[in-house]
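S.K.: So that we are looking at the same thing, I have put the structure below in structure tokens.
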Amino acid sequence: MKEETSNNSRRKFLKSVGLTVGAAGVVSGFSLLGAAKAAAQEPGETVNLLTQDGQLVQVDKNQLRPTVTGPLTELQKRGREGIAGKSFVMVIDLSKCRNARKCMDACQNHHQLRPDQHHINVLQMQDAEHTAPYFMPKPCQHCDNPPCTKVCPVDATFKRQDGIVLIDNERCIGCRFCIAACPYSARIFQWTEPKDAEKYKNLTYNIEANVPQKKGTVSKCLFSADRLRENKLPSCVSSCPNGVYYFGDQNEDAVTNGTTHETVRFSKLIEENAGYTLMPELGTKPRVYYLPPKNRAFEFNGDLLNEENLH
Amino acid sequence: MNDLQEQKETTLSFEKIKKDILRPMQNHKGLELWIAFLITVISVCAWAYYVQLRDGLGVTGMRDYVSWGLYIANFVFFVAVSLVGMLISSILGLLRIDWITPISRIAEIIAVAFVAVAGLVIIMDMGRPDRVVNVLIHGRFQSPILWDITVVTTYLTISLLLLILPMIPDLAICKNELKKASPILKKLYNILSFGYINTPSQYKHLHKMIRTLMVLIVPVGLAIHTVTSWLFAATLRNGWDTTIFGPYFVAGAFVAGSAGLIVAMYFFRVSYKLKDYITDVQFDKMGKLMVAVCLVYLYFNLNEFLVPGYKMKTGDDIHLTELFAGHWAIMFWSSQLLGNVIPIMLLVTKKFRKPFPIMIISLFILAGAWIKRYVIVIPTLLHPHLPIQNVPQNFVHYYPSAIEISVTVLSFALALLIITVLSKIFPVVPICEIAEQKGIEVKIEA
Amino acid sequence: MKNAIKIIASLFLLFVFTASVVNAQKWQAPVSSKKKQNPYEASTRNISSGKKIYNINCKSCHGDAAMGNMLPLQPVAPSDLGSQAFLIQTDGEIYYKVNKGNGAMPTFEKTLSDEDKWMVITYLRSFDQNKKESKKIAEVKNPEVTDVKLLLDINNENKRILANLTGVTAKGDRVALQGIELSVKVKRNFGYLDISGDDAYTNEKGEVSVQFPEDLPGDREGHVNLLAKVTDDAYYGEVIVDRIASLGIPTNPVNPLDERAMWGTRANAPIWIIFSYVGGVICIWGVIFLILFQLIQLPKLAKNKE
């Protein structure tokens, strides 16, 4: 008999949790008003809400009001400001890359891109005629002297305080000057209706993930800025099966490997492995560092080695 | 020769000048057919632009690597041709060179038409033309595009003023003479003639304004083409990353503009029967001017290609090899030879500076100038610093699509239509200035 | 007809299956490699250090040893390195395969030192049912204790962290626990930076002394979030302590947006370019408007016959 009761209560508890999850989804666009205001009103139905600090609270429905600022403007505002005190860097260990392309898949999935649209692209490189070929994943370099944001006529692409270069597709006029200006070919353009445009039609635009993608605007890698806000590694970093990517905050002098989750000193990693940046002669000051393809984990199995594929 | 000309000129009277120049405005069947044809072409091609608006820029041949194509080449070409207004009526005008008097208005009309269409072409190239107002709201001072848009609109405004202001006395004549014109046109003449009756103070006042504008357009004209060149020179790409692009573009613009003017001169001379005004002298002088600007342009080309070609830096080597001997060789050499070197060689002889030969040569120069812009824009984009990989085959090459070509035709037809309409409603040769130059008294009734 | 398709399909599946099995089994280390012996003994320390190396270099594909949670890769899934089927190989064979790699398996010939590779093999061998005798030879015997406590004593002067591990015996005495490996870590944005070094085993006083890196940045005030724990939960469950300590170098994050720059937003445009633009526009358009103003005065001048 006693056991039954406890069983019952557990079921009840589960039920209420289920309800909470459902409700949290519905009322996310509402805010809590002051308790004083609510006291004046008749107590009505209550709902369970998850507060921002992760606490479950029971709230009177009368206390719920639509938030004053639309979620879009809020997303735009915080997206343009960036995360204070951070300075994100990426380290790509070329000796570990075997062209598995899991990064490309994860990225295209996250940012709603077609298979031929690359925010990150794994290139087969050969620097000179007799040098060894290697695979080089190439995301946006998030330069500290970005040639792309220099030329934007409308502040649609810009650098934030945490070093990330973003694009505001609610403002971009589609002049494609930034594509011409980028020496790393990191930018793409939505020439036609983006992938699954119909499906995501009603989704609020998130500047930090650049989704939903918009026709007639420019798009590019943004270090998965939406994931960084939740202290998650970028999609490409955490999807790599071979430990190619390290990502972290330069201000903390630490980068974390997306595969092994090992955290190492950024400065040591760069120093001990002779890290470099792409085309330093252009003065773009990239935030993506490369470790040379020495002592490789895999043999190169690419198919290039002729002039045509090189350029 | 000169004696013969002067003899002929003395037979001109003010009445005859008025009659000759106003005739095609009143009665010209061919012109109306031509306008109808242009409007048909424009309406058909406007459909192509509608398709582009509806389906996105994906209907063009442009893709992620060649992200600027035919449209930007056209834009640079239009801006280049429009610079003739500044060259002829301002620089030569300020130098008080008198043979330009009969052709200065044609030059201004070309300037207005081409710079106006250049502005439209930029909008046609935009992915989101509905957001063009963002440039005004959020315009960044650091972006060459803001400067470009500013300079294009300023140049259009000053060119319009430089078209209308010297025309005020002529418009006063139109107001009086063209009794059969439509009421709208009459009203236009009435407003734009600003009550001008050629009093000494009005004359002095007007010419002071014109001279001020002539000075003003020089920096704006230089700026429009320099800023346009910065759209390319401000990037880090091989073939664009060069410091001489500003003056190089200006020199090229003088070539293209002069050629455009010569072609227009020839057609107005024949179609409007203006042999007595746009004489062989103008063609001869324009031919000499053409040799001069072509030589300057050749000099810049030499610098632009010989210096990097001598060093063959990484990146530059592929670009230059493709231009000189690769995929772009035919276009490159035809633009250099047919559009520059051969015209110089031909135009130094007098017989090629006769109206018909020089018009044919100018057509080649114009075609060469357009091809030159095409090979400035596209090959560079096909050779980025990092290899083009993991993209469909059509990303690796660039061929303009039918839609793109139609929209290009639309912009050219639009420019021609503007020129035609302006030359239909305004006298293409300045009546009063010609008369003044010949020492004939100008009489304008109130 | 249907049957025929079924037969073909099953034949095909069988073929694919056998092919993959054959493929998987194909990777044989050469006979010469078999004889190589692991020069390191199966001590707790070696196993523990092998586990660390395993977790960093092998776990992402092979999963936890003996747990069967490897990545489902195609066409050949990584083996469970803790399974008997794998451990049937000699140390030499495993060493060979780790060195050479095959297909999706990287070569560790140059990325891991010999010692590291043998440590991993020592760790894997600890799962071997047939070699039970070599499993976990504890060097020090600690008494059975309850209420295990980990205390941190931080010396800000020389940036040393002293961790002390104690427990209460059945008699009720609090005694030091010896020979237990501790991990001292610093919290970073996406993970924990291990600063414990190679030899973080408690001494007879139950103490481990860790040097905090001289140049490791903290926050604005130099605060860092320290975390110390008993590395292996198997001993006393999860024993963990975290502490905010001001051991780091105070950082003053530079906001790149504070300076005016060509690449900045319009609000951060260099002053001279704003002046050039605004000045240029005002001058040119000023003259244009002046002329327009004069132009509308032209009709008035008609009366002035002078």
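Note: Cβ is positioned from N, Cα and C throughout, glycine not excepted.
Feature table excerpt (TrEMBL):
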TRANSMEM  B:31-50  transmembrane segment
TRANSMEM  B:70-94  transmembrane segment
TRANSMEM  B:106-124  transmembrane segment
TRANSMEM  B:144-165  transmembrane segment
TRANSMEM  B:213-233  transmembrane segment
TRANSMEM  B:245-268  transmembrane segment
TRANSMEM  B:289-307  transmembrane segment
TRANSMEM  B:327-348  transmembrane segment
TRANSMEM  B:360-382  transmembrane segment
TRANSMEM  B:402-422  transmembrane segment
S.K.: Can you work out which residues elsewhere in the same chain, 6+ from the ends of the transmembrane segment (B:327-348), have a Cβ less than 8 Å from its Cβ atoms?
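M.R.: Same-chain contacts beyond the flanks: 255, 287-288, 290-291, 294-295, 297-298, 301, 357-358, 361, 364-365, 367-369, 371-372, 374-375, 379.
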S.K.: At a threshold of under 8 Å on Cβ distances, which of B:106-124, B:144-165, B:213-233, B:289-307, B:360-382 pairs most often with the transmembrane segment (B:402-422)?
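M.R.: The listed stretch sharing the most Cβ pairs with the transmembrane segment (B:402-422) is B:106-124.
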S.K.: Honestly, do the transmembrane segment (B:70-94) and the transmembrane segment (B:213-233) touch, with at least three Cβ pairs under 8 Å and pairs 6 or more apart in sequence?
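M.R.: Contact between the transmembrane segment (B:213-233) and the transmembrane segment (B:70-94): present, because at least 3 Cβ pairs are under 8 Å.
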S.K.: Looking only at the recorded stretches B:106-124, B:213-233, B:245-268, which one has the largest tally of CB-CB distances under 8 Å to the transmembrane segment (B:144-165)?
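M.R.: Comparing B:106-124, B:213-233, B:245-268 against the transmembrane segment (B:144-165), the winner is B:213-233.
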S.K.: Grab the same-chain neighbours of the transmembrane segment (B:289-307) for me: Cβ-Cβ under 8 Å, and only residues 6 or more beyond its ends, written as numbers and ranges.
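M.R.: Residues packing against the transmembrane segment (B:289-307) from afar: 242, 244, 247-248, 251-252, 254-255, 258-259, 262, 320, 323, 336, 340-341, 343-344, 347-348, 358, 362, 365.
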S.K.: Against the transmembrane segment (B:106-124), which of these stretches has the most C-beta pairs under 8 Å: B:31-50, B:213-233, B:245-268?
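M.R.: That would be B:245-268.
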S.K.: Excluding the flanking five residues on each side, which residues at least 6 beyond the ends of the transmembrane segment (B:213-233) place their CB within less than 8 Å of a CB in that stretch?
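M.R.: Same-chain residues near the transmembrane segment (B:213-233) but 6 or more away: 72, 75-76, 79-80, 82-83, 85-87, 89-91, 93-94, 115, 144-145, 147-148, 151-152, 154-155, 158-159, 161-162, 165, 240-243, 245-250, 253, 376-377, 380.
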S.K.: Using a Cβ-Cβ cut-off of under 8 Å, list the residues of the same chain that are 6+ residues beyond the ends of the transmembrane segment (B:31-50) and lie near it.
M.R.: 24, 124, 271, 402-403, 406-407, 409-410, 413-414, 416-417, 420-421, 424
